[in-house]
Amino acid sequence: YVAAVYEHESILSPNPTALVDRRSALKLMDRNLDIYEQQVVAASRQGAQIIVFPEDGIHGFNFTRSSIYPYLDFVLHSQSVKWNPCREPYLFNDTEVLQRLSCMALENKIFLVANLGTKQPCEHTDPHCPADGRYQFNTNVAFSDDGMLVATYRKHNLYFEYAFDTPPQPDYKLFDTPFAGKFGMFTCFDILFFEPAVNLIRQYNLKQVVYPTAWMNQLPLLSAVEFQQAFATAFNINILAANIHHPTLGMTGSGIYTPVKSFIYHNMESYGGKLIVAEIPVITKDYKTNLESNERFRENVHHSCETFTSTSMDDQVCLKEGLETPDRTSEEGNEHLPPTFYAEMMYDNFTFVPLWEEKGELQVCANTLCCYLTYQRAVLTDELYALGVFDGLHTVHGTYYVQACALVKCGGLSFGTCGQEVTDATALINFQLWGNMSTPYIFPLLLTSGITLDFADHMGWKNNHYFISKNRTSAGLLTAALYGRWYEKD
């Protein structure tokens, strides 16, 4: 099918905390909706059957609870009411934004997914009802190609969004299309948590996901395109991800992802929006995903030196037990193994070992997690790389448990620069990276110079270890990592 996502540079309110009336709010939102309309027409001309717009694209961000109020549409979060806002505009008050979106879908015969702020009155008898007597939600809406409102999803994992409420229960929302079957949807920060994103995909065996986001890139492990691709790969699904475009805020990175190919846009230099249109296969066949094939694995996790190899996964060579003492001398002579050091990466205290040689085998451990690397550089460049491990609770900008094995390019030549945000690299590296992860939820990251993506040659479980291997990256390597999320320990 043909899919489109639009990375939108939203027109923002100059003073989002100021109180304005509904008319002024609509005036601002209409300017963004005018751009949406042009993009829907353009996508439709290119044959797109579905288009996805970003989170916060219509109203912007940094509102207070009261200042966002005039920007909110009323929407009934009930599947029982069949409603076509374009054809039945007078059914409910305060639905101007929904009406415009519905008409875009109808007039261009395209499925449309957008994100807006919504309000819903509640009774004080409802224990969750906020003091002002209304819920305010960060909401995705999906319209079918005849303008029907077919699904609404209220964001569950809010990211410092004081204007919005968390819904009392997680929404599991999907909608059906004639061209690709069922699509699920969730928003931005949701992608890092079990509820509702992972649960939705697993329960409904979903193969397509629409994903509006307003993502601030954080290198080296959480840049938007890097993690979006890793998610598509881990769950073996297609993801249509639309991000907002505000380079000054570090926000860019959208794409249409399949488990084996990505069509991406990441641009920190120029302004204006970007429409991506791509034809991608419908995933119907139920591949055994990396995750499913290893639900069994969790029952027999044991942490030990496993039979692993420096050349291929098949001629079982166990990494020498001796590697476990970091200061042992290597066989070739008396050079010591590289030292371990600590550096902050993504606000977490990683334990690192440097890659000093042209090729080698390394190991580094923290808590129960050990990460192993065999590598060979094409040419020895004057860039410092390091292998890092983190096994613990991440607590800055959200609290969640991470198990990570990461090969990263450092910001400079000193140890203290490892973990810094780096966007360019020249070293081409063959590598195999693996770790004795305690969770089946592992997102394989492979980021190359200029924030471009590469795909691993092989990855998966072997002997209770998860591995990723690549025979020479397509461009200089920035990050190769196994980013594990141990949801139960959040």
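Positions of Cβ are set from backbone N, Cα and C atoms, glycine also.
Please treat TrEMBL annotations as automatic predictions, because they have not gone through curation.
Summarising the environment of Glu55 (active site, proton acceptor), the number of other Cβ atoms within 10 Å of its Cβ, over all protein chains shown, is 28. Residues annotated as active site, proton acceptor in TrEMBL: Glu55.
According to TrEMBL, the feature active site, proton donor maps to Lys155. Applying an 8 A CB threshold to same-chain residues 6+ apart, the list for Lys155 (active site, proton donor) reads Glu55, Phe137, Asn138, Thr139, Asn140, Glu161, Phe164, Phe186, Thr187, Cys188, Phe189, Asp190.
The active site, nucleophile annotation in TrEMBL covers Cys188.
Across the domain 'CN hydrolase' (15-282), mean pLDDT in this model comes to 97. The annotation domain 'CN hydrolase' is assigned in TrEMBL to 15-282.
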If you count the other CB atoms within 10 A of the CB of Cys188 (active site, nucleophile), including all protein chains displayed, you should get 26
